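Notes for the one structure printed next.
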Amino acid sequence: MKKSQKRISNVSEIKAQLKTVETKVHNGVFLFSGIMTIAELAQKINVSVNQIITYFFHQAKMYNLNHSLSEDEIAEICLEFGLDFKKEVQIDASNFMEEVSILDQDKDLSPRPPIITVMGHVDHGKTTLLDYIRKTNIAKNEKGGITQHTGAYQVVFQGHIINFIDTPGHEAFTQMRARGAKVTDIIVLVVAADDGVMPQTKEAINHAAAANVPIIVFVNKMDKPNKDVDRIKNELSALNIVTEEWGGSNIFVYGSALTGQGIDTLFSSILLLAEILELKANKNRYPIGTVIEAKLHHNKGTIATLMVQNGTLMVRDFIVAGYQYGRIRSLENTNGQPIKFAPPGTPVIVTGLNYVPEAGDKFFGFHEEKFAKQLALERKQSEKISKTKVQTKQQTKEKTLNIIIKADVAGIAQALHSTIEKLASKQVHIHILHSGVGIVNKADILLAQTSNSIIYAFNLQIPAAIKAQAKQAQVEIREHTIIYKIVDEIKKQVRGMREIRYELQQIGTAKIIAKFWFSKVGSIAGCSVLSGKFVENCKIELWRNSKLIHSGKIESLQRDKNPVKEVQVGNEFGTHIYKFNDIEIGDELKAFLDVEIEE
């Protein structure tokens, strides 16, 4: 990028889209931004609180004026009173990174390098593949084939740049997704030709599916004499990863990370898929991207690896990441060489931040310190409010029970998978993100944390370290040794999650034939049952001269001064209406009972 080239400011883009939604009726349309109380809604749409409460009473919902209505309930009331409605998203410091749309014109866009994450089962050759690609000896010095560090680097193939995020197993990938980061464009899934699909292979596929990231399969160890390619294809097709040779959509590359066989084909396949994905960005704007890793150095302070996904990052730029801001002091490429700027699709090592951002934090770059500082301050102040909004929003969505199954043998895992899926109801969907064999591990905890899942462990010993990690991540692990107990537990959960629907059915009518006053209680109505029956604590409507006067419930039911459970037609009883004393002889009472509607 030329030094004289002026970058488009992110400040103007964000300021233009920050908006406060004014809750009001405009041209017959009720505009609102989220939940509100009955009292607030009544005032805004100019109807009485009683009208709204009565509406929900007939829906078998006993609300008061301070009850907070969900967005769906607000929509119901609007329809009931003849109003159109529109929910508008309020954009402020707390959510601008998620809600602001950075719209670049087509003429300003140019292709950017793809960002790749390599995943696979331990010892299937992931580290060896990365090592061969970057031509270092890291793999030789690492224990157990498990990567001991994180970061990102670039390779050049036939004049094209390809970015690789080097992560320890699946954890970093999942942590980033947990924080809402969409940084990976393509996953390269490494599967050993002599070993086939293993538990971590399935985990990687589930992670990719949950993040909606396409997969290229690299069948490794093709130099081994006991390779079985057909087995690999069959096992992967059972997991919806189907080779193009069989009419599927997944590219399969065959090779050896040890000898380098197939690496060029892998690069070509990555570039082909990247072209299909049309990965483009605008280099002539201030930067937007994701934090890959960050750590505190005893001499240099915070050192962070950032992936620039749009725009160009330069020294002295101010960035907001997470809930703080800082200024870039230096830029280095992943080889440790100083650079002047980092265009889209570039991993870059930066210094100058006075805090340590978290992996997966999105960042925005600015030229104005005042604006960056203000945004960071407001984001920090609204963090708790923002979390509350997210929780409330999730409560209004379709209810889903997310489950991860781990068992000691494959047959049990499959049986549990099949049985549990059948326990879903019309209101509650059961989503089994992963089922596998073996102990619960860190990847399971992270997947559960990301997807708000419960882990069911059958006939397994859970290591203390895993239990501690689960507790810290607020992930539930439920241990069982009897299948039917898991089934019973999930049935109860589904029932508890579903919105129980009731139908308010009229069960009787009565006439007030006498009234009395007791100072400790209030008005007592002497009634005669004209039809049906009255039962203890039933809901009632009080009618006078064909007008509805009150909706509520009876607080007591007595015959001959003795409490009774119910009173049948033709009999008399005394009752007090809860928090209501304005009764008259001749008033009619209608009794109602909530009846649960079966799905």
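From the backbone N, Cα and C atoms, a Cβ is placed for every residue, glycine too.
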Per Swiss-Prot, the range holding region 'G2', considering 145-149, 280-284, 330-334, 560-564: 145-149
Matching range for Swiss-Prot feature annotation, region 'G3', among 70-73, 134-137, 166-169, 378-381: 166-169
Cβ neighbours of Lys126 (GTP binding site) where a neighbour is any other Cβ within 10 Å: 28
DSSP residue counts for the region 'G4' (220-223), split into helix, strand and coil: 0 helix, 1 strand, 3 coil
Cβ contacts under 8 Å made by the region 'G4' (220-223) with residues that lie 6+ beyond its boundaries: 120, 124-125, 128-129, 190-195, 229, 254-259, 261-262
DSSP helix/strand/coil residue counts for the region 'G1' (120-127): 2 helix, 1 strand, 5 coil
Distant-in-sequence Cβ neighbours of Gly120 (GTP binding site), under 8 Å, six or more positions away: Lys126, Leu189, Val190, Val191, Gln200, Thr201, Ala204, Asn220
